[in-house]
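TrEMBL has this to say about the protein:
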DOMAIN    5-71  domain 'Ig-like'
DOMAIN    94-203  domain 'Ig-like'
DOMAIN    224-294  domain 'Ig-like'
DOMAIN    382-468  domain 'Ig-like'
TRANSMEM  475-497  transmembrane segment
Amino acid sequence: LKPKPELTSDPAGAALTGMTVTLTCRMDPSTGWDFYWYKHTLNSETKNTKTNSHRVNIDSVSDGGLYWCRAGRGKPVYYTQYSDALWVNVTVSPKVVVTVRPDERVFRGETVTLRCDIKWGGDTEWTYRWEIEGTSNWYRNSADRCTQECSTSGTDNQKHRNAVSWCSTQEVNISSVDHIHSGKYTCTGQKNTQCSQRSDAVTLNVSAEAQAAVRVSPQPWLTEGDSVTLICEVTGSSTGWTFSWFRDDDHLSDSSRGAGGSYTLSPAALQHTGVYTCRAERGRPAYYTKYSNTQPLWITGVSRSVSLVVSPSRSQHFSSDSLSLSCEDQSNSAGWTVRRYTDRNTEDCSKQTGSTCRIVSLSTSDTGVYWCQSESGEKRHPLNITVHDGDVILVSSVDPVIEGDTLTLHCLHRSTNSPNLRADFYKDGSLIQNQMTGEMNITTVSKSHEGFYYCKTERGQSLHSWISVRGQISVFNIVSFLLAACPYLLSTVVLLFKCYRARVTSAEGQIKYAVTE
């Protein structure tokens, strides 16, 4: 009978795309034969080899299917029988995904975890191969996991070459990430002789220390009852952060005002005046950013007892002029001092006598916000003072304008000290009036007139001044504000009213009983 070869595959069973399967055609006797290989059908010979093995590259699912072999020798060729058909089952190699916690953009000193996940329905006994492009051979650092289980290619002084390692765990933890850990990370898995696909590269960028930044919306000058939101952001990163807020260096524990990176004051009150900063943190152990820039908030309103009086009474002043500021308290003026916030820091007014501050010769460094502060730290009546070393200033009230009143602006020249010159007036960058007298009036002011104003003449341009508009004060507004600020007041009023009604009813009953007797 014609001999019949036996066809086997290595590895046996399912094959993954991307690997190689070796087919073996076994004959007895095994010498002197040529071997012929067939795929899908016996009508087409795919390969002729001198040895009894044939390597098949499994590039796609179509490389699977039925395979046969037979042997032949001599001239004319004597052929053996065909082997039994062998089914090579091909499965798409599992996809690999690399994830990074907390983010692909991290900062020096953070703890970073890279994880290799293989999407495979069978068992998960994989060995993991990490490849890092664009980094030094940092796996030798004993502080990192997988050090004892992984080996790296190259030597310690090889920079910016692939660092390759085998690791039995899915995760690599870097306890204190640094610039040398920056690079493109990929991962593949191996189980027995089968390999997964290579993951897409994940780029780890390590930057210097994280910096928080704070901004305000809509603007930092407010009147009582307005709403304002402070926004804290981490420059170049937005994932996984929690935020802390500080006013005048004191931590704000009122978390109900904060959501994500926002801190909202609604309604804003006088006691919310101050200099705000923020800081962000993420991860375990916690990693903290640097403190943000300072962001002052100035809330103006009617202070029933304390006011800051400025002389001359305007918000803009010429350099070298003199200025006097004093705190006037109807009850105890000695308990208040003038403080200011400039581009440098918060400080007492430099030349202060009691509750009065006198600056003999102004300079641009005196530009800032001035207010009255009590011994207990209360802040009242903040006013913006601007010092200009140019030739033109805008004369406007230092206090907010009341809705319905008239707003008057003057364009004043340093040498003439007279407003009688032709001037253009601008609001928020747009020309609104052109006056030959250097004076502009807006009658019946409303909230829509709030904004930044400046004037321009042939002799120069003034600096910008913020003009705020405050609503008219009424008993209804005061009660509404108090109820909004303190909900318990409403319940107290209701209880007092009920108590009053009960006493009236009781008194009426006693009178009726006395008349009946």
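Every residue gets a Cβ built from N, Cα and C, even glycine.
Keep in mind that TrEMBL annotations are predicted by a computer and have not been checked by a curator.
Each residue in the domain 'Ig-like' (382-468) gets a DSSP state, and the totals come to 3 helix, 47 strand, 37 coil. The DSSP breakdown of the domain 'Ig-like' (224-294) into helical (H, G, I), extended (E, B) and coil residues amounts to 6 helix, 35 strand, 30 coil. Within the domain 'Ig-like' (5-71), the DSSP-based counts of helix, strand and coil residues read 3 helix, 37 strand, 27 coil.
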